[in-house]
Amino acid sequence: MAFVLTKSSAFGVAAKPISRRSSVAVKASAVPENVKEARAWIDAWKSKQGGAKRDPSLPSWMPGATLPGYLDGTLPGDFGFDPLYLGADPSKLKWYAQAELVHSRFAMLAVAGILFPELLSNIGLAWPGAGVAWYDAGKFEYFAPASSLFGVQMLLFAWVELRRYQDFVKPGSANQDPIFSNNKLPDGNEPGYPGGIFDPFGWSKGDIKSLKTKEIKNGRLAMLAFAGFAAQAYTTGTTPLKNLSAHLADPWSTTVWQNDLARL
């Protein structure tokens, strides 16, 4: 038996006996109950977020896992990856798909714009700005002040992005060029795939779904590659091809594990 001395017991009031065994039993029984409640809450949240389950015959980023049913394989590159159920809302899923597509295209252009100038400079080709590392491009003295070029770029981007957003909100509304009346995109194309002058080789007339899947896969790889380029520039202070050359020259000693900042 255990006794708990209260403040009043010091003045002669008898202490109350409490059974240690019974108190432990209460705590032990409370733990599974809390776990059950937590699991029930998680299951309810998943059910609310995910809805129906994904067809197990579809490609999966994690074979054997239960994936949300709203990722039904209709989107290009859909492998059921949405662990936080961000796309449970159909309108948000549509927006996220467009955002991923645009970021993928920007990332592919960025990666090409980093690698090819460095490669061409390494083989001896020269032009204004040749040999300037991609992270130092903003320091280069162009034909106009960098602030002016940035302002013009923002204006052009605003025009293009506004037109793209209009087409997203109301597909087909931006097909007609408001300035050049003879320039009109084909009707019936979905947002993000305008066709017309943006498809000079006519590839969209073939297996368009396969091309969309290849594009989004390469775009995802490019986004990861650009993140890697930025991390390399920060930790090693040099460019991707120089890092690659250093690694190939001494592959066992020049890795991320030998980088001082990476080990922090």
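Quick reminder: no glycine exception, Cβ is built from N, Cα and C everywhere.
As annotated by TrEMBL, chlorophyll a 1 binding site applies to Glu100, His103, Lys214, Glu215, Asn218, Gln232, His247. Annotation note: Asn218 (chlorophyll a 1 binding site) sits in a helical segment as assigned by DSSP. Asn218 (chlorophyll a 1 binding site) has a Cβ environment of 17 other Cβ atoms inside 10 Å.
Residues or ranges marked as chlorophyll a 2 binding site by TrEMBL: Arg105. For Arg105 (chlorophyll a 2 binding site), other Cβ atoms within 10 Å of its Cβ number 16.
The secondary structure of Leu185 (chlorophyll b binding site), as reduced to three states from DSSP, is coil rather than helix or strand. The chlorophyll b binding site annotation in TrEMBL covers Leu185.
Per TrEMBL, chlorophyll a 4 binding site is recorded for Arg220. In this view, Arg220 (chlorophyll a 4 binding site) is surrounded by 16 other Cβ atoms within 10 Å of its Cβ, with every protein chain counted.
Beyond the transmembrane segment (106-130), the same-chain residues lying 6 or more positions past its ends with a Cβ under 8 Å from any Cβ of the stretch are 137, 140, 218-219, 222-223, 225-226, 229, 239-241. Taken from TrEMBL, the feature transmembrane segment covers 106-130 (among others).
The transmembrane segment annotation in TrEMBL covers 142-160 (among others).
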Field: Under 8 Å by Cβ from His103 (chlorophyll a 1 binding site), counting only residues of that chain that are 6 or more apart
entry: Gly219, Met223
Statement: Around the Cβ of Glu100 (chlorophyll a 1 binding site), other Cβ atoms found within 10 Å total 18
